[in-house]
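Read through the structure below, which is laid out as structure tokens, and then see the notes.
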């Protein structure tokens with residue numbers, strides 16, 4: 001399902017507002033179209049409803065702004081996702097058994113690590129998708145182990161750096177088009193050119209952006225060195241543990257017939273995903289705060305002159 005989300009972002013990102021100002025964008029950090037005092041006086045339930053309506057409205061506006069071809073692609077992906085969910089529910093037992101058997105068989109093959117690494121390297125280049133699927137597959141095969149983490153982390157770092165280098169050196173014009181697809185990334189490009197930019201890049205890497213998209217888009221920002229991009233990716237390698245954990249729990253669910261054990265595994269998957277989501281959004285807002293601080297510092301430096 002994560003891959004379908006990545007595909008939506010890749011297809012939907014081609015349309016963007018003509019106004020490139022970060023804080024005036026319809027897809028910005030601050031909800032400027034909501035009245036602050038009205039939201040402040042709402043209960044937490046009313047705030048959830050308000051945010052839901054706002055996101056639904058923004059989604060409809062973005063969909064209406066797409067061309068017919070892109071609308072058809074989004075609809076196709078939505079229908080495909082519904083079909084996959086239906087098949088998963090109906091054929092759950094057979095699917096789980098097949099996953100367990102396949103993972104056990106692949107674990108015994110000497111070439112499996114090499115194949116996984118090559119596939120992850122391949123999907124590191126935009127607009128290819130499949131990183132989330134391959135990461136979960138690594139967890140299914142090797143579980144929460146050092147070997148699984150090493151395979152996933154190493155191939156992720158190498159693939160990211162390789163994709164970044166190719167887009168920076170050979171496909172820079174295409175990388176610039178990628179960065180213009182997302183107003184947030186385009187706006188923060190001015191604060192990603194320092195010697196310590198790897199911290200900001202690491203925060204971007206942990207934010208909810210498609211894996212391959214980030215590799216190519218950041219290459220379109222002038223002043224970012226391959227060294228800093230590589231350091232940022234190394235810093236974020238612990239995130240691979242979440243994929244391995246979820247993959248291992250999925251395999252455990254297929255290996256047992258106990259309802260209570262399956263329930264525990266399912267709850268642990270939900271908790272792991274919840275932890276990842278909370279951590280991601282916490283870092284997202286930390287990133288927003290840091291961006292505003294750097295913008296303020298730059299503005300103050302200009303005011304001096």
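Even glycines carry a Cβ here, placed using N, Cα and C.
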Looking at residue 249 and residue 91, does Swiss-Prot assign them to the same side of the membrane (meaning the same named topological domain)?
no
Expected hit for transmembrane segment in Swiss-Prot across 22-42, 43-63, 148-168 is 148-168
Looking at the candidate ranges 70-90, 91-111, report the one that Swiss-Prot labels transmembrane segment.
70-90
Give the nonlocal contacts of the topological domain 'Lumenal' (135-147) in its own chain as ranges (CB under 8 Å, at least six residues past its ends).
99, 103, 106-107, 112-113, 116, 120, 240-241, 243-248, 250-251
Across 70-90, 148-168, 228-248, the most C-beta pairs under 8 Å with the transmembrane segment (114-134) come from 148-168
Restricted to the topological domain 'Lumenal' (1-69), the mean pLDDT of the model is 58
Mind tallying the topological domain 'Cytoplasmic' (91-113) by DSSP state, helix then strand then coil?
18 helix, 0 strand, 5 coil
Restricting to the same chain and to residues at least six past its boundaries, which positions have a Cβ under 8 Å from a Cβ of the transmembrane segment (148-168)?
113, 116-117, 120-126, 131, 135, 138-139, 141-142, 174-175, 178, 211-212, 214-216, 218-220, 224, 226, 229-230, 233-234, 237, 240-241, 243-244
